[in-house]
Amino acid sequence: STAGKVIKCKAAVVWEPKKPFSIVEIEVAPPKAHEVRIKILASGICRSDDHVLSGALKVNFPIILGHEAAGVVESVGEGVTSMKPGDKVIPIFLPQCGECNSCRHPRGNVCKKSELGPFTGLLYDGTSRFTYQGKPVYHFVRTGTFTEYTVAPEDSVVKIDASAPLEKVCLIGCGFSTGYGAAINSAKVQPGSTCAVFGLGGVGLSAVMGCKAAGASRIIGIDINKEKFPKAKELGATECVNPLDYKKPINEVLFDMTDGEGVEYSFEVIGRTDTMTAALASCHNNYGTSVIVGVPPSASQIAFDPLLLFTGRTWKGSVFGGWKSKDAVPRLVSDFMGKKFILDPLITHTMPFEKINEGFELLRSGKSIRTVLTF
């Protein structure tokens, strides 16, 4: 048994921004009290990981990225009661301690222990479990899943159905839940309503699925890459718009498409400040709601006309789709197993972990929706 011992394994380490991943042998320390060591079997490539590589998100280096994964518990630290070795699990970047105000509030889901910036790259005790040639390597959002083994706090790991296919349900660890929940929980999309989704990547398409599940009658997908349109329509978009096809701003285009009313719900699923304000300006001036789902670049600022809000619009953010992570993830996995929603159309590529750089190239070139790396 490897329990209680240091494990040597392969990991994809990033040494500095704008540089590719290097696959190297690292050492993974045993879990401390209330921590879990996980053998990762599948990990999705999410745009937030790429935001670190591009330098848009500021983190400490060297780092092991990856936060949308599934695996099996290898060993547990002292005091861990909610899972045991051999259990299938999903590590989550959003913990649920169950004790802070946010965890206890019916509408809260951003636990006090969350690391949503500044990013320390360390576990709760202020240290890392990863080392390379004796020097510490940082964890991304306390998950760090582009490695054969990782260690995460128990309150950030969720036990799931033993029969769940890990190479699919790993998407519930971030992308799917984030988009789907933004529509259902954060916006609370109503039946018969009109929605606009800015950005048709994996999270945007999941938002489209959430709008459809909530009963929206019109779902307008917006992207500058028209290759994304057929998949968006397959998943529920009723029409798709490329802003580059118009001389006027996209919010004016959307007002024209809705008889001068604007949409009832808009979702920014890109992470750009200009599209955040465009999404706000696209919704109904009195009862429209716009939700920021895309991760904004570190230290970015927004300037906008407050009259946009004064007339009654609601502008809000959404992290992990508003779900309480430990409560929701097992339910979402069960719903997937019960065919309440599908994940297959979101997964365009599956490739061995060693091809991680190729997977990120597919993302940047707009050729993939989700690439799942298998170990």
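Keep in mind that glycine also has a Cβ here, set from the backbone N, Cα and C atoms.
Feature annotations, reproduced from Swiss-Prot:
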MOD_RES   S1  N-acetylserine
BINDING   C46, H67, C174  Zn(2+) 1 binding site
BINDING   C97, C100, C103, C111  Zn(2+) 2 binding site
BINDING   G199, L200, G201, G202, V203, G204, D223, K228, V293, G294, V295, R370  NAD(+) binding site
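What Swiss-Prot annotates, mapped onto the structure for a quick look.
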{"residue": "C46", "record": "Zn(2+) 1 binding site", "DSSP class": "coil"}
{"residue": "C97", "record": "Zn(2+) 2 binding site", "DSSP class": "coil"}
{"residue": "C103", "record": "Zn(2+) 2 binding site", "DSSP class": "helix"}
{"residue": "C111", "record": "Zn(2+) 2 binding site", "DSSP class": "coil"}
{"residue": "C174", "record": "Zn(2+) 1 binding site", "DSSP class": "coil"}
{"residue": "G199", "record": "NAD(+) binding site", "DSSP class": "coil"}
{"residue": "D223", "record": "NAD(+) binding site", "DSSP class": "coil"}
{"residue": "V293", "record": "NAD(+) binding site", "DSSP class": "coil"}
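Of all Cβ atoms in the protein chains displayed, 16 besides its own lie within 10 Å of the Cβ of C100 (Zn(2+) 2 binding site). Cα of C97 (Zn(2+) 2 binding site) to Cα of H67 (Zn(2+) 1 binding site): a span of 18 Å.
Around H67 (Zn(2+) 1 binding site), the same-chain residues six or more apart in sequence whose CB sits under 8 Å from its CB are C46, S48, D49, P91, F93, F140, V141, T143, G144, T145, G173, C174, listed in sequence order. Between the C-alpha atoms of C100 (Zn(2+) 2 binding site) and D223 (NAD(+) binding site), the distance comes to 38 Å. The record gives C46, H67, C174 for Zn(2+) 1. Within 8 Å of the mean position of their Cβ atoms, the other Cβ atoms in that chain belong to G44, S48, D49, G66, E68, F93, T143, G173, G175. Spread of the NAD(+) binding residues is 20 Å (greatest Cα-Cα distance among G199, L200, G201, G202, V203, G204, D223, K228, V293, G294, V295, R370). Taking S1, C103, C111 as the recorded positions under consideration, the smallest Cα distance to V293 (NAD(+) binding site) is found for C111. For V295 (NAD(+) binding site), the nearest of the recorded positions S1, C103, C111 in terms of C-alpha separation is C111. In sequence order, P95, Q96, G98, E99, N101, S102, R104, K112, K113, D155 are the residues of the same chain, not among C97, C100, C103, C111, whose CB sits within 8 A of the CB centroid for the Zn(2+) 2 site.
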